[in-house]
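K.L.:
This is the feature table in TrEMBL:
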- 12-38: transmembrane segment (TRANSMEM)
- 58-80: transmembrane segment (TRANSMEM)
Amino acid sequence: MRKITKWRTILALVLMYVAMIMNWSWAWGILFLLWVIPDINTGITYFIEPIEKKENPLLYWIIIASWILMAIYSISTLFIDYNQFYY
């Protein structure tokens with residue numbers, strides 16, 4: 001049986017290391033979006049443990065909203081310098 005190499009996953013992992021080294025916050029926003037879009041389609045999200053929309057709708061939507069808000073904030077660092085608000 002031939003082993004399939006997961007090139008997209010390997011590339012994403014390498015890019016996340018580059019993003020961390022380069023301090024690119026916006027890259028995390030893209031990752032959050034890549035997490036949340038399939039979760040909305042499937043009705044299951046994973047945060048420490050699987051959370052199903054059918055079983056825990058409030059917690060599910062809180063987690064989904066959190067991913068979306070973190071994505072917006074992270075991507076907005078391309079356009080807004082938040083350091084001016086902290087120092």
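Heads up, the Cβ atoms here are built off N, Cα and C, so glycines get one too.
Please go over these features one by one and say how buried each is and what sits next to it.
P.N.:
Here the transmembrane segment (12-38) has long-range neighbours at 45, 64, 67-68, 70-78, meaning same-chain residues at least 6 beyond its ends whose C-beta is under 8 angstroms from one of its own.
Here the transmembrane segment (58-80) has long-range neighbours at 25-30, 32-33, 35-36, 39-40, 43, 45, 47, 51-52, meaning same-chain residues at least 6 beyond its ends whose C-beta is under 8 angstroms from one of its own.
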